[in-house]
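Asker: Can you read through this structure? Questions will come right after.
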Amino acid sequence: MVLCTMIKLFKVKEKQRELAESANGKPPGKKQSAGELRLHKDISELNLPKTCSISFPNGKDDLMNFEVTIRPDEGYYLGGTFVFSFQISPIYPHEAPKVKCKTKVYHPNIDLEGNVCLNILREDWKPVLNINTIIYGLYHLFTEPNHEDPLNHDAAAVLRDNPKMFESNVRRAMAGGKGQKAVHLRSSIYQSFCYKFETPPNFTGTDVTGKQKAVCQLSQ
Amino acid sequence: MEVSKARSAGAESSDLGIAESPADQETSTSSSSGPATLLARTLSPVQKLLFQLVESKLSRPITERRHKRICESFGGGAGGLGCELLKDLALTGFKYLDVIDMDRIEVTNLNRQFLFRLEDVGKPKAEVAAKRVMERVNGVNITPHFCRIEDKSLDFYSDFSIIVLGLDSVEARSYINAVACGFLEYDSEDNPREETVKPMVDGGTEGFKGHARIIVPGTTPCFECTIWLFPPQVKFPLCTLAETPRTAAHCIEYAHLIKWNEVHGSRSFDPDSPEDMQWVYSEAVKRAELFGIPGVTYSFTQGVVKNIIPAIASTNAIISAACALETLKIVSGCSKTLSNYLTYNGVEGLHTKVTEFVRDKDCLVCGPGVLIELEKSVTLKKVRLCFFLQLYSYNSYTFIAVILTVAGHLRFTYAVQQFIDLLEDHPRLLLTRVSVTHRGKNLYMQAPPVLEEMTRSNLDLPLFELMGGVAKDVIHVNGMAGKGDKKQSCLRKLRVVFRGVDVIADIDMAGGA
């Protein structure tokens, strides 16, 4: 069967070339990879909770790069706004999307470089999962941060040992990060403060500096 | 020596021209001194005839080269397979070969990539390999291409009669598979049109294991039909890397994925830069010392970061030999080909198995898709034109009886059902909540709201215009298929043909059927 096909194949090659040469122009644009098509499906079937929204910075025809904004409506991160960038590989869903957190956040599972520790983004990714699953997974990180698999070690330790302090640390970080209540604090003062959330009580003890006091007050 | 002699004899006979009537072929079989005669002893009369026929084609003069070039690409970790393949194909008697490789020769290649010497280090693999094989094998013409497979145009690939792959990644295979399947066309009965079939032979090795497969688009499963065969790449959890490294690989990945970004910010890691690699290595050593983990070496760092798989020359030789023979069989038709996937496993004992995988008939890459014929005036969704008179509706079809065009002409059109509605009623689709995409342009997205808004204006436009005014092309739609409770989401390929646009298309159909 295959053999016959092949023989015919070479017989008709000649004709094919003639046809190809006389055929009119090809339509513009490149063929989409199977990955792009699958992504198209995922995107068109998104069913996001009202706390999550999606945007396409490069317009409607570039679905491979997009941003997801999460505004948790409960938990430690209530009131915060967190932006994640998604980068999709041409062989999606064989390979998981690359997700980075663009908002600097004080979180046990997200480090200050924006790396996110979510199992389905790496070791537990499977092609049956989709973009919707990942967004729900990210949302879940904000409602239930997990101190057992930390990426930001300090934040995890605080969450484990002193949830109250964790909560106030989160509040402070968000107040600074959002830059609304404390606009002037988006300076190097806040930056250094943000990088060095210490497990020991920086804010309760006697060694609070004047600047840090200001932070505390402003965020309340 | 015998081989090359035979080949030159074949070349002479080819000058006489090819493929006369079968009767001519039969008479010439006895007098020919080409390789066909050497093989003929073991072949049945029919096979003899076929082989003779194709053998003369294989050695046709250079003006016909477009017909017989073999594209063979080898890259990265599979460079060993590439060398073997090029040698095997050249010695098999293929006269016109092209080879693509984007890599330069490294010292570590030399143990198995036997076409390269120490003085070649740093030179493009494709060029050196082509030169060495041409020096060694008389009469073979190899054109090297020092570039990525993605850099070549579709026209370039369409010139080859067969594509032999010695690639090292899922991405590259997926890409070339899409290119080769992209040439495939189906007739109105959903049978592949033979002249558009571009077969591929794919080989791959990993240590003691390997596979060889043939892909005849439209007949055997394409790469995408069976992509699930590839296990996902091992990825360590980031938190393990950051917190609880247990192996040398964890330390290396920590330096590569986490520490690198912390220190270098936006500058991305270049795996081909020795300085970058050295930096990652030294960071990994520090990390390993901190946690008391042994085993971080420079070469292991390279292995982990570049995902290098151990290569064994003899496994390459086995797989390459299988690929070269199947290539010969496909091109010559001298015998039945592998059907369609050979696995070789020499890890414990030796196991080989041939599996006949089946096509995914709805495969987005190689499947026929659903043929849909449309009028040029059909819009995506809305009824168009500045003024129309809607007489009556019936069963969700909108009948427009009279359309008054801007110029004032009266034109009669019947049953203009718009594209998206049509998909809903199509017996093979029954699609609702439809989104449409064409060659990377999203014509309509029913969700999320932000994209729906951006694409809504397209609903008024004729599909013919949206698709760039071509007579026929493939578009993809997705939505919910089926009726009632049995609805499920699906993604489908559609072959849209516009009526009365292109004469050539009609001839095509008739010829193929």
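Heads up, the Cβ atoms here are built off N, Cα and C, so glycines get one too.
Automated prediction, rather than curation, is the source of TrEMBL annotations.
Annotation comment: TrEMBL describes A:34-179 as domain 'UBC core'. Positions annotated as active site, glycyl thioester intermediate by TrEMBL: A:CYS117.
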Asker: How many helix, strand and coil residues does the domain 'UBC core' (A:34-179) contain under DSSP?
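Answerer: Its residues divide into 52 helix, 24 strand, 70 coil.
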Asker: Can you check how the pLDDT averages out over the domain 'UBC core' (A:34-179)?
Answerer: 90
Asker: If you count Cβ atoms within 10 Å of the Cβ of A:CYS117 (active site, glycyl thioester intermediate), leaving out that atom itself, what do you get?
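Answerer: Neighbour count, Cβ to Cβ under the 10 Å cut-off: 24.
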